[in-house]
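Below you'll find the structure, written out as structure tokens, and then a few comments.
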Amino acid sequence: MSEAPIVPAGRIVLLNGASSSGKSSIANALVTLFDEPHLLMSVDRFYAMLPRAGAALSGPVSEEEAVRRTQAGFHRAVAGMAAAGNHLVIDQVLSRPWRLPDLLSVLDGFAVTFVGVHCPPDELARRERARGDRRVGQAAAQLPVVHAHGLYDVECDTSVLTPQACAEHIKRQMDGRTTRRAFDVLRDRVASGEG
Ligand SMILES: Nc1ncnc2c1ncn2[C@@H]1O[C@H](COP(=O)(O)OP(=O)(O)OP(=O)(O)O)[C@@H](O)[C@H]1O
């Protein structure tokens, strides 16, 4: 069997924010700003692989465990795609404490730009009402956990900027980066027991 050619790993832009904070909207705008192709790898597409309901989600594997496995698989799929040289824009809701340490471990060695997507609770609730398929208040309830680690390479507030303006801000910050990546700092914190 012939080997796949060895190419430099792709870079990864990770958008983290509460549900309805605007991650997908930014991701869609951001991928159009790069010269090289960037693949949109949304966690929503991995959730969509799960059966909707019925026996498969009420059998021996609990729904919570099925979701955990799907999330853990998403992280590893991201590493696999980047290892094959694909640049990626991904989104995640770090609403479970294991997700960030898992990403820090799985994406060790990759160039990750960590983006905090912020939106205040009243605007999150307005969007949930407008979407019609969300429980109002669910997104705001995620906020204390989602941003608990408190460090990003880039942050934007989608209650004051359009998705296009957020994407342009992220791209500018990526182009002008002079500091250590947030993921590398956070990984050191975990290793030293501070994380
Ligand atoms: N910057 C913005 N200004 C105003 N409305 C926005 C902005 N960004 C997103 N929205 C609106 O908020 C809603 C949620 O946006 P989006 O799907 O991008 O969020 P998300 O964080 O990806 O959500 P989820 O995690 O639930 O998939 C959409 O109706 C979208 O039009």
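Each Cβ is built from the backbone N, Cα and C atoms, and glycine gets one as well.
Just so you know, TrEMBL annotations never went through curation; they're auto-generated.
Now, the feature entries from TrEMBL:
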type     : residues                               : note
BINDING  : G17, A18, S19, S20, S21, G22, K23, S24 : ATP binding site
ACT_SITE : D44                                    : active site
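What surrounds the ATP site, by Cβ distance within 8 Å of the Cβ centroid and not counting G17, A18, S19, S20, S21, G22, K23, S24, is the set D91, V93, V117, C119, L124, A139, T158 from the same chain. Reported as a whole number, the C-alpha separation between S19 (ATP binding site) and D44 (active site) equals 11 Å.
When the binding-site residues A18, S19, S21, K23, S24 are checked against ligand 1, S19, S21, K23, S24 have a Cβ within less than 6 Å of one of its atoms. The Cβ of D44 (active site) has S24, D91 as same-chain neighbours under 8 Å, each 6 or more residues away in sequence.
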